[in-house]
Structures are given as C-alpha cells and as structure tokens.
Amino acid sequence: MECTADTVALLWMGRQLPLSPGHFTVSCFYYTIWNFIPKNLFEQFRRIANFYFLIIFLVQLMIDTPTSPVTSGLPLFFVITVTAIKQGYEDWLRHKADNEVNGAPVFVVRSGSLVQTRSKNVRVGDIVRVAKDETFPADLVLLSSDRAEGTCHITTASLDGETNLKTHFAVPETAVSQTVSKLESLQAVVECQQPEADLYRFVGRITVSLQGEEIVRPLGPENLLLRGARLKNTKEIFGVAVYTGMESKMALNYKCKSQKRSAVEKSMNTFLIIYLGILLLEAVLSTILKYAWQSERKWDEPFYNEKTEQEKNSSKILQFISDFLAFLVLYNFIIPISLYVTVEMQKFLGSFFIGWDLDLYHVESDQKAQVNTSDLNEELGQVEYVFTDKTGTLTENEMQFRECSINGVKFQEINGKLVPEGVTDDSPDGYMPHLVRVLLHQTLSAISIYTNTGEEELFLKAVSLCHTVQINYDQTDGPRDTFLQANGVSDPVEYYASSPDEKALVEATRRMGVTFVGNNGENMEIKTFGRSEKYKLLHVLEFDANRRRMSVILQTPSGEKVLFTKGAESSIFPHARSGEVDKTRVHVDEFALKGLRTLVVACRRFSAGEYEEVDRRLHEARTALQQREERLAEVFSFIERDLELLGATGVEDRLQEKVQETIEALRLAGIKVWVLTGDKHETAVSVSLSCGHFHRTMNILELVQQKSDSECAEQLRRLARRIREDHVIQHGLVVDGTSLSLALRQHERLFMEVCRSCSAVLCCRMAPLQKAKVVRLIKTSPEKPITLAIGDGANDVSMIQEANVGIGIMGKEGRQAVRNSDYAIARFKFLAKLLLVHGHFYYIRIATLVQYFFYKNVCFITPQFLYQFFCLFSQQTLYDSVYLTLYNICFTSLPVLVYSLFEQLVHPHVLQSKPALYRDISKNALLSFKPFLYWTLQGFSHAFVFFFGSYILMGEDTSLMGNGQMFGNWTFGTLVFTVMVITVTLKLALETHYWTWMNHFVTWGSIAFYFIFSLFYGGIIWPFLHTQDMYFVFVQLLSSGSAWFAIIIVVVTCLFPDVVKKVLYRHLRPTSTQKSQVIEAYPGTSCLDSACCFSEGKSGFAWLGRLVERTMSRCDLARVTSLYVIFYTSEQHLFIPSVGTPPNPTPFLVLSAVRNSSMQW
C-alpha cells in the first residue's frame, strides 16, 4: 500500500526522531521576552484611535504646534502601557501554565531501563510508562498494561468533560510485552496520519516483527491515549509517543475563537468617525477663519510680531497645511483616547460579577457560571433570538427507562416491573420483576398476553450487550447477585457510559433480571435471571452521526455468531426484513408523542461463511490508511442489513427545573425562542408543549416531510397565507431537517417571512451544520438581530460559534460546548438572570460610559475652539498643558469607571419579576442616534455655558481681586477648566442611581483631588519645569469671591435644566423602568407621585415630616392643592419614600400633588 508523506507519519518505537525541541513543548503563549514590545505595539496600533493619536504625537514633534507633545504623548503612553501590562500579565500566566505542563516528570524507556525526564523531553518514538491516576504526557499508542489482555481504563474529563470510564486496547502482539526488557527487544513500526485536531479520529497501523514474520494490525481511536486524559483502574501502562507537544490532539484543539464584535463596539466606532468629522470640520474652519482674519495687514503682521524673511518667503500651501495640522493638534482631545482602555477595564472587571453571582451557582454539581470572553458582556442585554438545543439543555439528560415494545407488544415499567400496557400488578410479591416470575415458575402469568418468553429474553440480552458501558472496578471486585439487585437491595456496581441512554437501558435490564456483569476486552459477561453467560466480543461497530446506530458482533456460548444493533428508527426500519415492523413503528410514534427518546433494537445471525467474509472486510477496512472512514462506512452498511426486528425502547429525559418559567420570561422580554434538536418530530413537539415553548392555544404550523422544491414552496405559501388570515392568533412552526434544506435552497426569503411571523419555531431532525445555518440565516437577515445559541453537546458547537453570543451548558455530554462558548452556565434556568439582570446592567453601564466619554470631551475641547475667536486664531491654548494631559487620565476617569461597574437602574429582583423591562434597552436603544445627539448637544451647550458664562461674569472688568490685581489668560482658562471638571463630575452623579461608598469616594474625591493637585502644582516652583505659567494662578483664583460666585452660577446653570428635564419626563412620560423604580422602592404605594406617601421615621426625611406635621395634621385635598419640595438625600433615589431603604440614592426634585386626603404623615 502506497502512502503519501503528507498523510502518513512513520516512526520506529524506541528511536527518537531528529526533530527540533520546539516540537515537543506545549506553548499556549502569544509573546516571548524578545518579541513582546514590537509585537504588542503592532497589535495596539492596529486600533484606529491609538494610531490616530500616534500620528498627532508625531505631528507635534515635527512642526511648531500650540501644545507640547507631552499632552498627546503621555495619555497615549498611559493607554499603551496599561494595555501592555494587562496583556503581558495574561501571557505570563500562560507561560507559567506551560512551564508546569512541560516540566512534569515522566518515565521513559531508554537503554534498557526506566529513566525519569521532563514532559518537554519526550520525543516521538519514545516508550513512556504511565501509572494509575497520572495524565498522559503525549498522545500514546497503547502497547501493554498490567492486565494480560492489554486493556486499560481512562477518563477524558479534561478533554471533553466525559467522566465515564473508557476502555482502550493494545494489539495482542504487543500486549504481552509488560516489562521493560521485553519492550526493549520489541521490533515494531507505527504508521499513522499526520496530526489533526479531531479527538475521536485516528488512523494508523502497527507492523510487529515476530520470529521473522511481520504482523500488521490496524490502529484506531480505541488504541490511542490522548494527552491530558487520566489513567484509571489500571496499575500502569506502556505506550509509544506518536504526537507530542503542540502536535498532540489536545494542543491542536487550542483554537482562537472567531472574533465577535458587540453592537456597542460598532456604535462606538461609528461615533468615533462622527467626532473625527467634527474635529476635521473645526480644524478646517479655524484655518480658513485665520486666513480670512489675516487678510487685513494689521492683523497679519502687527507691529509687535513682524514676520521673518523665511516666513514671508515660505509656501502658502505648506503654511496652510501647517496651520491645519496645528489646529488638528489643538482640538485632537475631542477624540477620547482613554475610552478604549476604560471600556476594556470595565469589561474585564465587570465579567467577574457573573462568576461571583450565587444565583448562577449550581450546588448539586458544584459549578459556577464562567466567562470565556468578556468582550460581549453588554451583548447579553441585546438578545432578540435564542436558539436552544433540547437534550441536556432543556432536559436533564438523565434518562429513565419508561416503556418498550417487544415483538409488537408494548410494555411499561411500573415499580421495577415490566408489565404489558393497561395492566397493573398489585400482587404481594410486586418487588420481583414480572418477567422473572414467569421464568422461575415456568408458567404463564395471569397478566401476560403472550406465550413465548424467548423473544423477550433475546430483546433484554440485546439491550444489555449492545453498548459500550463500563463498570467502575474501584467500587466492586466482581459480579454481584442480580437477584439482590432485582429485589431492591442496594448494589455497589456503578455503570459508566458516554451516553446517558445506554446507561439507563443497561440499568433497566438489570432491574428486569438480565444484568451486565463486565467486559474484559474479549468477553462480555451477563447474568440472565441468575444464570451466568459469557459472550465473546468479536467486533464493535461504533456509532456515528451518519448511520445513527451502533452494533456489536458476538459469539454466543453455543458458538453462534450474532449481530446486535440499536439506533434511530429511521436507521433500523429500512434494513429490517422480519419482525413486527408495523406494530413497532406505531409504538415508536406513540412513545415519541409522550416525549420519550426512542431506540429500535434488532439482530442478525451469521452463518460461518457469512462471518468469514464480514471479518475479512472489516480487517481490510480497518487496516487501510487511505479513506478508512469511507471504507468502514461501506462495510458497516454491508453488515447491518437483513435485520430481525426485536423491539424498541422508550426512555424519558425529564425537563430541567424552571425551564417553562425561563422560556416564558424570555418571551415576555421580547425574545423569540427557537428549539433546534436532532430528535424526531413527535418527540420534539411533545417536549416543546411540556416546556412551554409551544402552548396549548397556539396554532401549530408544520413544514415537514417535503420531497421537492416545488412542494416546499407551495407549503410555505399556504403557511404564509394562513398566518395573514389568522393574524390575531399566535403561531408556532415545526420544520424538519429535510424540509429546511429545501427551504433554504431557493425559498429563503419566504421561509424567513413565515418564521418572523411565528412566536416560536421548532426545528427537528437537525444536523449540527443545519443548526449553524439556521442561526446564520437569522443573524444575517436585514434587521441584523442579536442572536444567542445555547447547548451542551459537541453537536451544538457549530451554532454556538455562529451566534453573536454562544452559551455552553455544563451538562453530561462533555465540555466541548463549554470550551467553545463565550459564557457557560450549569442550568438553562440561569439564562433568565444572565440576560434579564446581568445583560441589562452591563448594557446600561457601558452605553452610559460611551455616551458620557464623548460628552465630557466635547465639554473639554469646545471652549478651546471658542477661544480662538478671541485670540485671532493664533492657536493659543486655553488650558495649561498639564491640565490637557491629566483631564482624561486623572480628573474624570475614576467616577465613570466605578459607575460602569456598579450602576443599577432597578433592583435585580424587579428585573427578573418584570421581564418586559428588557424591551426598554432592546435594539441598542441607549446608543441609537437620538440619545447620541442628545448627549452631544448637551456637551456643546454646557461648553458654551462654561466659556461664555465665565466670560460674561468676568466681563470687561478683569480686576476681580480685592487689591485690584487683574486676571489674565491662564486665570480665565483655569476658571473654565474648574467649572468644567465640577460640572461633568456632577453630571455623572445625576445619572447615578445606585450609590455605594466607592461612588461617593471617587466622585467627591476626584473633585477634591483636582483642587489639591492644582494648589500644589501652582503653589510651588518646580525646578524640572522650563516654564511655569500656572504659578500662583489657582491660589489667586480661589481667593476671589467673585470667582467662587462664577463657579457656582455656571455649574447650577448647566445642571439645573437637566434636573428639571429629568423630573418632568419622569412625571409626564415615565418609562417602564422608571415606573418599576417606584414600585421597587414603594411596593405598597398607590399614589405614585404623591409626597404624602412616605413613612415616618426615615432619618433622611424626618425634618420634612416634622415640618409638614406642624403645618397641617393631615394631607387634605381641600386644604392643600399642591406641594413642591426640593431635597437631596443619601438614602433615597426615587420620588416617593417608603419603609425599607432602597440602595439607589441620587439628588432629585419632587413635584407632587396630594391626592389622598386620608393619607397620614
């Protein structure tokens, strides 16, 4: 057989391949000590804002600009440094983890003895010894174990989360080499495929030389021990390393997730472009006005500033460009450089709240919510569509056997008994299974409706033998008495299975009297009603998603070769040639209508000649290095035919706790829920009805079993017409995978029209890629809605990665969904709080943060622009360069960061109890153009008040000092800057609803820090400064009573309209959130806007209560028509006080009318 070099790797056991050491170390880091600075700088300057400020900084260095290069360079350096430290620390943690892995001790066979070395020194071809409970340091092909048959048990929890024991096998020729000396003399060559990431695929073969004869054996996933897996229930094993370091399958699964950008980030970039346009407009306008002003000679060349010869002869075009760049530098702070680093810090720090939330902690499994990416926190508050898996997501994935069909007769399990349907067993010996009594007494039971027990026994044997279940040998030393188990005595035997269905079925047959005792690799042992039977395991035909079935070929105690197979009804019925096919099909449909998961069981008996051909074809397919999967699929189809139908099973997967309440909450929040499942139509509809996804009054529409494009299109038109005619009724849509493929092929728009008109959509019989296609279909629709996908299994990974937000459930189908998700939770019910509370909080916090950042920078730079009209556009700066540098870094940065971490408009319990509040922030409401325009115009208006208010109050008379000393340029600029710092800080205080000690500390502390810093900066002569224009300026400013008066007047003038607007809007046009704030704080209040509706004894309002009590004994409408009170308290934040101090304080204005004459103070 010829094998190409790009698909096959060849290695000799015991010989190290001459590869560089980098092949054998695990490296998850991104940087090294040598490339950190250039690589990190390259990554950071790919951001538009950082690159923009770099250009501004270079312009300041190259030309004569009005401000020092420090004003742009220092903030840029701060942002770059903070980001570099954060990324460097995260990469250092990765280096640390890598060193721990690469430095782990490992024993290898070298020169005839065991030598201890480090994991990073393991080479391809080394023979490695691994002891019990140790992890495998590389991908190893199992050579031998301490067991004679060469088997071992492992767990792959660190790879896929499956905690069950998995059995792996050594080929017989190497299984006997259980000592170092025998392994040293072993001559063998392993050929395998090149490294790939698929954990469940391995193609190779081993050629062993024994006494001059070469024996070739196939190698598959059952022979490969993956790095990261752990050895269990086996003393030690020896294996040869085939993939090491970054070529191991575990390392190849370290994949970078596709970059997902949130709607907030997109809005932020849009705003950045708009402000860049404003910046360019101001710079161009200032440059034009400068030359227009200088058209008069007296302003172009005044007597005190005559031009040099070089200036007179310079190019006009170059001078215009130079002036334009100078104005660009002067106004560049309108672009907030610190916005990105603040947003990044807010997302990083804010993500910890999800993991700390005890409401998202699952006690039974000891699992808390985890955040895999913090870049999408605010996206949790914008979800419009939820796509959910069913099994393990809506359900527990804990299977309980309920019913079965055997040879056309339907049975159900009642109290551990297998009883024909419609019959109850009330006999005294009800603890003993019905079928056991029949066999023991060799007589027909009075409740039995059949006469032959051989068929039922064969069915139970097939179920108990056709599986990959393992027994935990740590808890049992051997087989137990099955009659004790059947009679309710506790049994120490514990089954482990990769599929919960298999475990449930094996446990069910044990209760019925057919007990699976164990599998030693060659033989499977069962006890049939106390009688021990051993079956030789010849072949296992593994389950795959295409065949949807698995099979085992066994040799019975009598020597007969028999195939047992089980799988989906669609994969078994077409291949059945005998048995009660029609009756079983009816029973399977009935099971599905009850919401049970169904499996169909069949068998096939081989003659000696037939088995020889089967064995030969299987061996050829399994030893092929090229197209092994295709050849195996062909052989499996050849084997699994002409089946004898034995029966079917119905297993119940019960719903998780509070699934119905969660789906209803999501629906009230305006979120559409789609269920995407691989289950059959009837099962999926039944579960959808039971979980509240479909409700009984909903009109269920179906798009199923469509055979052609034309038939599918016609059905879609009928559904669309029916929806238009019954527009009042809520509709639910059921579509299967086949029909979906037809609908998406040529009728995508019509299909989308039908889906958008339905309140709930159920897609059944879905392949994993079809799930991703459905998510992509909705995500890329013209409305561009925010989608969320949630699932627990590997088959959900594609849709989790496709959706805007992917959530993994820490379930029983492994950890692949969790590893590939953005967030992970233990139960579906946690989704409600994750979206309705955390999503709500994250969105309002970051939306306000972004708007506030642009607002305060407009306030900052607009006075600079206005000042140019008073200095002949000479590019004179209004603020000192230190103030320019520290404004965004120190004076205004902390309050908004703390706000963005702790703000709560409404208490979490109110958000959960009123899911409709989620609609208030949907569709990016707080970052739409209207709020953006409001914040921007408010920034410009405040800037005008800062500048002209200070200018008017100073007027023509600048001698505001008591001694007649005049104020100058720097004093005026400092006054404007002082008013601005106070106003923008108090503006954020007005927006704050939830006050903590940290909010108070940073809000008032920032203002105090500004005053203290200015006093020290201007009150001392600093020797390292070349010039000190601000010397004693701030001290003189504060010593003027007129300046204090100006500060107070300007601040009140700016904020008073905002306070009035908030009060009027809250009274006249309150939002749902504002109404809920009132109900939250005052649950017993009926007169929502009455100042009479607050309780006595509140410390913050005691003075007001005493005042009104002295004035009037009661609130009488005849005596009092209106009451207007302006007050501030640190304890209340809403209009109406009540018992129980709410946690959201803010200053506010109460305008109220007394409406209840009987209400007492």
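Any Cβ shown, glycine's included, is placed from N, Cα and C.
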- line: Of the ranges 20-37, 74-91, 632-649, the one TrEMBL annotates as transmembrane segment is 20-37
Task: Could you list the residues of the same chain, at least six apart in sequence, whose Cβ is under 8 A from the Cβ of ARG597 (ATP binding site)?
output: THR391, MET399, ASP501, GLY650, VAL651, GLU652, ASP653, ASP679, THR683
Field: Tertiary contacts of the transmembrane segment (1031-1056), as residues 6+ beyond its ends and Cβ separation under 8 Å
entry: 941-942, 945-946, 949-950, 953-954, 960-962, 965, 967-968, 970-971, 974-975, 978-979, 982-983, 986-987, 990, 1011, 1014-1015, 1017-1019, 1021
Field: pLDDT averaged over the residues of the domain 'P-type ATPase C-terminal' (818-1071)
entry: 86
- prompt: With DSSP helix as H/G/I and strand as E/B, how many residues of the domain 'P-type ATPase A' (106-191) fall in helix, strand and coil?
  reply: 17 helix, 42 strand, 27 coil
Message: Do any residues, 6 or more residues outside the transmembrane segment (932-954), come within under 8 Å Cβ-to-Cβ of it, and if so which ones?
response: 267, 271, 851-852, 854-863, 866-867, 960, 967, 972, 975-976, 979-980, 983-984, 987, 1042, 1045-1046, 1049-1050, 1053-1054, 1058
Field: Spatial neighbours, same chain, of PHE543 (ATP binding site) - Cβ under 8 Å, 6+ residues apart
entry: ARG549, MET550, GLY567
- prompt: Within 10 Å of the Cβ of ASP389 (active site, 4-aspartylphosphate intermediate), how many other Cβ atoms can be counted across all chains shown?
  reply: 28
Message: For the C-alpha pair, I'd like the distance in angstrom between ASP792 (Mg(2+) binding site) and ASP389 (active site, 4-aspartylphosphate intermediate), rounded off.
response: 8
Message: Which one is it: of the binding-site residues THR391, ASN795, which Cβ has the fewest other Cβ atoms within 10 Å in this structure?
response: ASN795
Query: Hey, how far is GLY678 (ATP binding site) from ASP389 (active site, 4-aspartylphosphate intermediate), Cα to Cα, in Å?
result: 9
